[in-house]
Every structure is written in structure tokens, then in C-alpha cells.
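Beneath this line is the structure, given in C-alpha cells, with notes to follow.
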């Protein structure tokens with residue numbers, strides 16, 4: 001187990017380094033100049049009329065006139081010392097900017113995830129539990145709908161109805177629990193849809209397995225079969241898409257934070273990318289990569305907990321949800 | 001390359017219908033006879049947060065709006081463009097416009113208690129020069145600055161190596177607004193986030209949270225309001241909250257549902273619903289360079305003056321205004337009409353399709369099968385790259401010039417892409433505007449010695465622009481500016497399209513929220529009915 005964790009940590013470091021390097025190369029290959037963008041006032045700015053010599057001086061101050069390998073070595077060395085540098089746009093340290101935005105996004109994504117789990121699991125469970133065909137059809141239609149609704153549109157619709165028409169929740173800002181409701185619901189919809197889709201499919205597959213028949217034959221109740229046997233097995237594929245869910249949450253945060261005028265990593269990313277603020281984009285990429293690496297690590301470590309056979313076989317390996325068939329879980 | 005989509009065509013049609021319905025509706029101003037009430041907080045929505053609220057460092061209109069309330073200036077520019085006393089009670093300009101002597105008023109202090117004296121003036125101007133490119137506007141205004149003498153605490157003598165008539169107007173801007181001496185040498189990043197930002201203005205920094213909001217608090221004991229103010233003493237409002245609301249429809253809904261009190265960021269098609277019904281709107285064109293096409297004259301197509309002139313003549317500017325705001329007027333010179341000394345060249349900017357066709361015929365461009373003109377096997381195709389949200393207007397221009405056989409391609413990109421193209425010089429037509437309430441903005445953009453936006457050779461217009469910069473006499477200077485503008489427009493170095501207007505939309509409870517000389521906002525007199 002120790003060797004396994006060490007290997008995974010090694011892989012994580014390689015992933016982070018690769019993400020950092022690829023971002024660096026892409027940003028520097030772009031033809032535009034972050035200093036010129038800053039002088040243009042970023043988004044919504046007007047034309048800059050600054051003397052070219054002064055522009056060159058500012059570029060030198062940020063080390064943007066050094067040869068590419070020097071800039072790369074410098075940036076990497078600094079990053080290894082946990083110094084992510086300062087934003088080109090306003091000179092603020094990248095770590096403090098991320099530190100300011102991160103708690104808000106964490107709060108938003110955590111509440112959205114909690115809501116998504118309730119909605120997603122609930123939908124999947126009811127769709128396989130119900131004996132009424134029309135209810136099943138209706139519930140099974142919800143996940144594809146939830147995935148395909150544009151988050152942007154959902155957010156604006158919710159604001160229109162529940163903030164502008166009927167003033168129940170505030171439309172702006174991130175103060176208090178009330179301001180968290182509409183953004184969380186908006187973000188939870190697509191995420192719950194992915195969970196429901198995968199889980200419902202897993203449940204249907206599991207319920208058709210021979211062991212379910214065996215369990216029923218042994219006299220297990222309908223609820224016990226559903227919860228204890230089928231649900232447990234269906235959880236595995238759903239867990240496998242943990243990385244996808246985290247991706248959905250982060251990508252959704254960009255839209256949700258913009259629509260609801262919230263502070264957060266999503267908004268910060270948009271301004272950083274628009275302004276081609278290299279140190280800030282680098283810092284955000286590292287953060288996102290870390291979140292993905294950690295999520296996948298947690299998923300991998302959870303596997304043996306849920307599926308004892310993985311534990312028995314030694315080194316856990318993540319099964320592919322589509323091909324996996326489990327024969328008889330603990331009953 | 002053609003980026004016009006069915007959706008944007010629909011938007012355009014929608015705009016036309018909307019403006020047709022609301023045509024002639026005038027903007028309502030709230031009653032002026034009400035008695036001001038002290039206290040309260042005014043929430044104002046802005047659309048972007050540039051990550052900085054230091055007025056000396058920013059160039060973005062929203063950020064300048066915040067900075068204006070924090071700093072006082074040596075002078076103030078009234079809405080007629082006249083320069084009036086503020087921190088400086090009087091001043092003298094040398095006949096060659098190189099030396100400016102300011103006599104400061106007594107008793108004004110920064111919010112840290114230090115006096116506003118000549119040493120502070122010197123520290124600020126020196127500090128802006130030291131900021132260099134970071135002071136993106138101020139450094140331009142201080143080109144040729146050689147230093148400030150301080151013969152006594154109330155006298156500051158500012159000198160330039162070359163004539164700089166624009167400097168007097170520059171002293172009225174927030175970009176040269178005065179900060180306390182310690183601020184002038186503080187870390188630029190801490191000035192940006194407001195933690196070391198200390199001015200002498202009617203408001204002080206309460207808090208700043210990037211992408212969220214900036215709260216300004218009333219300065220206690222403030223007693224040096226600029227000439228032309230409606231009252232004296234402290235500001236009426238206890239605080240102002242600038243809330244960042246990036247999404248346009250959310251700004252509209254927030255104002256409608258009174259979650260914010262006022263904003264300048266309402267899309268023109270949404271404005272009619274704020275005329276009356278418990279709201280008021282007020283607009284003012286931004287002074288300076290209006291939205292303009294700047295042809296790249298180092299390109300073969302635009303090296304021919306006749307093609308440039310035909311391009312300009314093919315544009316129907318009255319029609320462009322019809323899809324903007326009902327109260328806007330067509331652009332009338334190389335300068336926006338609200339700029340001091342702006343001339344009227346509207347005759348040269350009138351629609352003339354026959355004239356445009358004749359010029360293109362003379363220049364040897366022949367209409368091809370698809371209606372686009374051709375010469376030596378090349379099509380008369382030009383591309384404009386832009387990032388501004390003005391697609392509908394530019395699509396209309398595209399249709400207009402097509403009528404004379406010019407194929408105008410629109411390429412909307414990000415700020416990053418567009419600035420890269422502009423700086424490489426690899427583009428046919430530039431498109432932008434520049435807010436500045438002094439006609440010297442023409443020299444900044446067009447002169448071959450400065451930005452030379454057209455990539456052209458030295459000509460008579462450059463001499464005129466240099467002369468106006470050396471002429472402190474307002475009337476003489478206006479004459480030189482008029483000659484320069486006429487040449488720029490007639491030779492189609494400048495192809496002005498329409499003026500950028502700033503529109504305040506506010507709830508009826510909000511009173512006396514006003515424009516200052518650069519069409520940015522002034523909150524000192526503003527008050528809110530409780």
C-alpha cells in the first residue's frame with residue numbers, strides 16, 4: 001500500500017509539472033503581449049498611448065524580455081519554492097489572489113455537490129424503484145435534459161424569476177446563505193444529471209444480474225435488494241466519474257460566478273485568461289491540476305473500501321464502468 | 001472570415017425595431033428642486049474590475065469612476081470644457097506653454113492629515129513619471145516633464161522641455177489627481193488594492209475586494225469642493241458601494257428590481273424602460289476621439305487617398321446613430337462634440353454614395369460580378385479587427401460600404417488578439433476610441449511623431465498638431481485644432497463613425513449624480529432620498 005501511494009504521488013508530481021509546462025509554452029506562443037493588454041485597461045478598456053520605451057521598461061520589469069528558457073527556468077524555480085509570483089495586471093501576489101477567491105468557490109462547489117448528490121441519487125433511485133412506467137420514463141428523461149441545458153441560461157432564468165420578478169433571493173454578491181441558493185442550484189443541475197445518468201444505468205445493470213435474483217430467491221426484501229446489493233455495485237461506476245464531476249463543477253463555476261456576480265476562482269480565471277496574465281493563469285492551472293490529481297487519488301483509494309475484491313487482489317486498479325461485471329458482493 | 005451570423009442579424013433587426021418604437025423619447029432628469037438629504041449608501045454597478053482602484057494607474061472607465069471620488073485635482077474642468085480652480089486657486093502659463101505656476105489654496109489636507117502643499121504636487125508628478133508605463137494615462141500627459149520647483153508651500157512651478165498646452169487640462173483629470181506623499185512612493189500593488197491609497201478627495205477607501213465590490217466612505221471634515229459644486233463641506237452620502245456585475249442582463253434586472261441604485265452599464269436597447277417609471281437616465285458623449293476607423297496607409301489599398309475618401313463617404317453616420325441611443329447625434333469631426341474646441345466638419349462627413357463611386361472609378365477599382373470592386377485581379381476587401389461590443393453598428397457599416405463595392409470584413413477577437421494585431425501593424429483598419437477632454441488627443445493618436453495610427457509620412461497636419469500643443473491661447477489653439485481636424489477628415493486619415501456616450505441610469509431616489517468634464521461620474525453632490 002505504501003509503495004502504491006508513493007507511486008501515485010510521483011505520478012501526481014509529473015502531472016502537475018506537465019500541466020505547468022504546457023500552459024507556459026502555450027501562453028508564450030501566443031502572439032499578444034500581456035503588458036500591452038494591461039495598458040489597454042484589460043476588458044472594457046480603451047486604447048493605450050504609452051510611450052514605447054516605457055512599455056519596454058515595464059516588460060523588462062516582469063522579465064518578459066528574457067529568453068524563453070530563462071523565463072521558464074526562473075518561473076519553475078520560483079514555483080518550486082511555492083512562490084507563484086505576482087499578477088502582471090495589478091502586481092498583487094498570485095497566492096493571495098487565489099487565497100481570496102478559493103474559499104468562495106469551495107463553498108459554492110461544495111453546496112452544489114451536496115445538492116447534486118441528493119438530486120442525482122434520488123432521481124436514479126426513483127427511476128429504478130418505481131413500478132409506474134410513466135414515472136420511470138419521466139425521470140429517465142431528466143438527466144439528458146439537465147446535461148444539455150446551458151448553465152448560463154438556467155442561471156439567468158432563475159435570477160429573472162426568483163430575484164427580479166419575485167424578490168426571494170439576491171441576484172448579486174456572496175454574502176450570506178441566501179446569496180448561495182440560486183448559484184448552487186444552477187451549478188447542481190448539470191452535475192446531478194451526470195450522476196443520475198451513470199447511477200441509473202449502473203442500477204439497471206446491477207438489478208439484471210443473477211446475484212440479485214439469488215438475493216431475491218433467498219427472501220431479501222425489495223428495499224434490501226435495491227439498497228444493499230444493487231446500489232452498492234452501481235456506486236462504483238458513479239465514483240469513477242468523480243474526475244468528470246469535479247471538472248463539471250469547476251467549469252460550471254466560471255459561468256455561475258459570472259452570472260451571479262460572485263467572487264471566485266472561475267471569475268479570476270476569466271480575467272486572468274483575458275488579460276493573458278501569465279503568472280496568475282499558471283497559478284490557477286496548478287490549482288486545477290492539483291484538484292484533479294487529488295480527486296482521482298481519493299477515488300482510487302476509495303475503491304478497495306467499496307469493492308473488497310480490489311483489496312484482495314492487492315494493488316487497486318480502477319475498473320472501467322462499462323465492462324465491469326461484479327459477481328456476488330457480500331450478502 | 002465573414003463573421004456575421006444569423007443571430008447577430010436578428011439582434012440588429014431587433015435593435016432597429018426597438019429604436020423605431022422609442023424614437024423621440026427624451027431622457028428624464030429627476031426633479032432638481034428637492035432638498036438634499038445627508039446619509040445613506042448608494043450602490044452603483046460597474047461591469048468590469050480591472051484589479052486596481054488607484055486613479056494614477058488605471059485607464060479603464062469603471063476604475064477611473066472610482067478613483068475620481070478619492071482624489072482632488074489642481075484644477076477642475078466644467079462641462080463646457082473650461083478649466084476652473086480646485087486645489088489651485090489660480091495659475092499662470094508661460095507664453096511658450098512650457099512653464100505652469102500653480103497657487104494652491106490653504107487648508108486642504110489628505111485623509112492621513114498631511115497638507116496638500118507644493119511638496120505634495122512635486123511628489124505626485126515625480127511619482128507618476130517614476131511609475132512609467134504603469135501610469136498609462138498620466139505618463140502620456142507628462143511627456144517632456146522636467147521637474148517641479150517649490151518656492152513656497154503654496155506655489156508649485158511645473159516645467160516641460162517642450163510646449164505642452166494640454167497639461168492644464170491634464171491637471172483636472174483623476175489621472176494626475178493628488179495622493180498623499182507616502183502613497184506616491186508606496187508599492188504600486190498596494191496602491192491598486194487601496195491599502196496604501198490616501199487622497200484628499202470627498203471619499204476614502206473603505207474596502208476593496210477584487211471582482212466583488214469597492215466601498216468608499218465619506219471623508220470627515222472635507223471642505224474644498226471644486227468650483228461649480230452644488231454644495232460645500234462634506235459629501236452627502238455616507239458611502240458608495242461599487243458592485244461589479246459582469247453580466248449585462250443582470251445589471252438591467254438589478255436596477256429594475258432596485259437591488260442597485262444606479263449604473264452606467266445598461267445596454268442601449270434596455271435603456272427606454274428606465275425613462276420614467278420611477279427611473280431617470282442622462283447621457284453625455286465622451287470627449288476625445290470618437291469610435292473611428294484608422295486606415296493603415298502603409299497598405300497598398302489605403303495608400304490611395306481616393307479609396308480612403310470613398311470609404312468615408314460611403315458611411316451613413318445618421319443611420320449609425322439610429323441604432324445606438326435615441327438622443328445621440330451623428331459624429332461631426334475627428335473629435336467628439338463634447339471635446340473643448342471640437343470643430344464642425346459634418347459637411348465632410350455626409351453620406352455621398354455618388355462621390356464615393358466616382359472616386360473608386362477614378363482610382364481604377366471596377367465592379368466585379370459579385371458587386372465587389374476589383375483592380376489588377378485583387379478584390380477591394382479590407383478587414384477590421386476589434387474587441388469592443390459594437391458588432392451591430394459595425395455590421396451596419398459593412399452593409400453601407402458594400403453598396404459602393406467595398407467588402408468590409410469584421411473580425412471580432414479578444415483584447416489579446418486585437419492588441420497583438422494592432423501592435424504588429426498587420427491589419428488594414430484599426431477601430432477604437434479614446435476618452436480625453438482635450439483636443440491634444442488628436443496629436444497623441446495621429447501625429448507621425450507619436451502613435452502615428454495611420455503609418456503615414458509627415459505632412460502639414462503634423463505641423464498643425466505640434467503648433468496647437470504650443471499655443472496656450474484658447475481661441476488660437478481652437479483654430480489650429482479645427483484646421484488639423486479638417487485635414488484629417490478630408491484626407492480620410494480619420495474616418496469617425498459614432499461617439500461613445502456614457503449613460504447614467506438611476507432610480508428616482510438618486511439625485512444629483514453628475515458627469516464631470518471627461519464624462520466620468522462625480523458623486524460629491526449626489527444624495528439619496530431615504
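Numbers run from 1 along the shown chain.
Heads up, the Cβ atoms here are built off N, Cα and C, so glycines get one too.
Please treat TrEMBL annotations as automatic predictions, because they have not gone through curation.
When the ranges A:85-105, A:106-126 are checked against TrEMBL, the one recorded as transmembrane segment is A:106-126.
Cross-referencing A:208-231, A:280-303 with TrEMBL places the feature transmembrane segment at A:280-303. Long-range Cβ contacts of the transmembrane segment (A:12-30) within its own chain (Cβ-Cβ under 8 Å, at least 6 residues beyond either end) map to 68, 71-72, 75-76, 79, 276, 278, 281-282, 285-286, 288-290, 292-294, 297. Contact counts against the transmembrane segment (A:236-260), taken as Cβ pairs under 8 Å, peak for A:180-200 among the stretches A:106-126, A:138-160, A:180-200, A:280-303.
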